[in-house]
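Worksheet: one structure, shown below.
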Amino acid sequence: MTQGDPRPPPLQHGCDSWWHWSRRHKSPEVLLYARTALFHPNWSHGTAAVRGSRQLNGGVHYWEVQVSQRLFGTAVMFGVCTASARLHANAFVSLVGEDIHGWGLSHKGLVWHGGQGRRYTDPFRENRATTVGVLFDGEAGTLGFYKDAQWLGVAFTGLDTITEPLYPVISSTAAKTKLTLGVTRRAWAGLQDRARHTLLAALPPNPRLLLHALPLPPALRHYLEDDLPPSDTKILPVSAAPPPRHS
Amino acid sequence: MASNVPSVPSEGLNGPNSMYIKLIAADGHEFIVKRNLAYYAKTVKDMLESGPVQVKEDEPSVVHLKKIPSNALIVVCSYFAYKHIYINANTMIPDFPIALRDSLDVFMAADFLRC
């Protein structure tokens, strides 16, 4: 089957993206704490999913999901979906990609969209922890996956033609599975985005009141507020030093 | 401006398809940049191509940016060059640092120029 291509994680030259699993857009069978999603905490009689809190369209995004050792069952899935995709089912299904509203990779090594599955990579070894990386390129319209730092290739194309908002999504049919969000990165969206980052990195924590005091038109202030990290995170300024080499 | 500044041959600047165009900052500093690089700023492209007045063949292509100070415009021009070199690059892309003292001006300039 497909051999992975080892390469360093993408978007080294991008910036951190401040999104997390959404408390509002999830199955009741998903519990969230910090960046971890716990699926079916007692026992499972269906499929549960949770969506990311920000839409992806137009940008290039990369995120990693650390899968705990408890990996088994019908489908543990990673991918993207629109707001129309359902996030809960009372049956064990490959939920992400069961219809046209999602595009997903299941731990069985199949990729799903529009209810059609096809072989993409080897099935994951069950009951072995792993890290799945998802690379969404909203400009080229592609979605591809990494597994333990191995690039597995482009799984889907044509995503740049989707006009509805697209969100990261994970789903699981198996009880007590834990999926933890790791790095979340995105590409720079232009010079204004980079200047915003420099400005925000210089502000003290919780700067919303300070931003209101700046003499900016509301649209620009909203644009600044849009990239504020969660209150416990400090933005690291972009440095003039060359990036470290990867061995 | 100073009289010992070398002048760019006018053939490079004249006409609607010249290789170079001139961007003039609020404080009068003039920046001569390649047209294809300056077009990374959508506003510059729109001003020169769809503006009410079309440039004649023997006139220089000039954009007056009356609200952008030169400390911001020089960063914008550097960004055009940076973007052109590293767009579609697979090599390690260095960061594009922006000095804090310029960042608010660059932020406003990039908003106006749409880049």
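Just so it is clear, glycine is given a Cβ too, placed from its N, Cα and C backbone atoms.
Marked as domain 'B30.2/SPRY' by TrEMBL: A:1-188. Computed over the domain 'B30.2/SPRY' (A:1-188), the whole-number mean pLDDT of the model equals 94.
According to DSSP, the secondary structure content of the domain 'SOCS box' (A:191-230) in residues is 25 helix, 0 strand, 15 coil. TrEMBL lists A:191-230 with the feature domain 'SOCS box'.
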Seminar exercise, completed: Per the Cβ under 8 Å criterion, with at least 6 residues separating them from its ends, the domain 'SOCS box' (A:191-230) contacts 15-16, 18, 20, 236-238
